[in-house]
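Look at TrEMBL and you will find Asp52, Ser53, Asp91, Lys121 tagged as 3-methyl-2-oxobutanoate binding site. As annotated by TrEMBL, Mg(2+) binding site applies to Asp52, Asp91, Glu123. Annotated active site, proton acceptor per TrEMBL: Glu190, in sequence order.
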Amino acid sequence: MSTAKKDYKKITTKSLIDMKAHGEKISMLTAYDYTMAKIVDSAGIDVILVGDSASNVMAGHETTLPITLDQMIYHASSVVRGADRALVVVDLPFGSYQSDPKEALRSAIRIMKESGGHAVKLEGGKEIKESIKKILNAGIPVMGHLGLTPQSIYKFGTYTVRAKEEEEALKLIEDAKLLEKIGCFSLVLEKIPAKLAQQIAESISIPVIGIGAGSGVDGQVLVIHDMLGMNNEFSPRFLRRYMNLYEGMTSAISQYVDDVKSKDFPNEKEQY
Ligand code: KIV
């Protein structure tokens with residue numbers, strides 16, 4: 001296995017499978033708007049996820065449940081306009097695919113047609129198998145999502161680590177194999193023990209992208225607001241903060257307020 005990094009001009013679902021085969025880790029971050037997508041894309045990210053975490057970080061909801069399909073399409077179309085190289089994956093929001101496979105397909109088609117995204121992501125395994133198959137049969141690439149699935153938060157009752165017990169771990173392994181078998185191109189594993197995540201990544205051929213799932217998987221994903229430190233109230237163990245934008249932005253904005261109040265801004269050179 002060669003670990004040499006290939007130069008991909010445009011990332012496709014096939015590039016990700018290729019990266020796994022070559023031992024190159026996959027980088028994925030969320031984005032929800034044009035400007036952020038442009039920055040993330042030009043920094044060389046492989047995959048941009050238009051996550052339903054937009055419900056939390058963009059709209060201020062406590063859970064991901066309230067965001068609508070129309071709102072996801074709005075976010076995704078903004079992101080697509082900012083992304084030249086990255087593969088753009090869009091979450092199907094809660095309530096847009098759970099009732100039946102036809103509804104799931106209609107929602108996925110709307111995302112692909114109206115946003116220009118390249119693939120969709122759905123939370124769940126065996127219970128949504130028929131919906132995933134229906135979407136795949138229409139030629140739409142699907143990324144799976146297992147482990148902690150935030151759309152089921154009221155069933156779990158907590159955001160703590162999933163699949164610590166054998167029964168849940170076995171179901172997770174079965175679901176991962178099922179998603180590979182029916183044709184998903186990739187899989188997100190959220191907040192599960194690192195050993196289990198590595199075991200799954202090693203037992204399936206599609207790339208496994210982890211969040212809070214350790215280093216033994218094929219790639220990593222974080223929510224952009226969290227890794228840039230825009231939110232100082234959320235500090236799970238798996239999060240690495242690369243900046244403290246909350247402090248940086250607050251201090252820049254309070255400086256601006258002071259400058260306006262003190263009439264320091266605008267100065268002679270900053271006017272016509
Ligand atoms: O919505 C989201 O941001 C996600 C990631 C946490 C994987 O699904």
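Each Cβ is built from the backbone N, Cα and C atoms, and glycine gets one as well.
Automated prediction, rather than curation, is the source of TrEMBL annotations.
As the structure is a computational prediction, the values presented were derived from the model and not from experiment.
Cα-Cα distance from Ser53 (3-methyl-2-oxobutanoate binding site) to Glu190 (active site, proton acceptor): 13 Å (rounded to the nearest whole number).
The DSSP secondary structure for Ser53 (3-methyl-2-oxobutanoate binding site) is coil. Residues within less than 8 Å, Cβ to Cβ, of Asp52 (3-methyl-2-oxobutanoate binding site) and separated from it by at least 6 positions along the same chain comprise Thr64, Ile67, Met72, Asp91, Pro93, Phe94, Pro150, Gln151.
Neighbour list (Glu190 (active site, proton acceptor), Cβ cut-off 8 Å, at least 6 residues apart, same chain): His145, Leu146, Gly147, Leu148, Thr149, Pro150, Arg162, Gly210, Ile211, Gly212, Ala213. Other C-beta atoms found within 10 angstroms of the C-beta of Glu123 (Mg(2+) binding site) number 24, with every protein chain shown included.
Residues Asp52, Ser53, Asp91, Lys121 make up the record's 3-methyl-2-oxobutanoate site, and a Cβ search at 8 Å around their centroid adds Thr30, Leu49, Val50, Gly51, Ala54, Thr64, Met72, Val90, Leu92, Pro93, His145 from the same chain.
DSSP assigns Lys121 (3-methyl-2-oxobutanoate binding site) to a strand in the three-state reduction.
Secondary structure at Asp91 (3-methyl-2-oxobutanoate binding site), as computed by DSSP, is strand. The Cβ neighbour count for Lys121 (3-methyl-2-oxobutanoate binding site), using a 10 Å radius and every protein chain shown, is 22.
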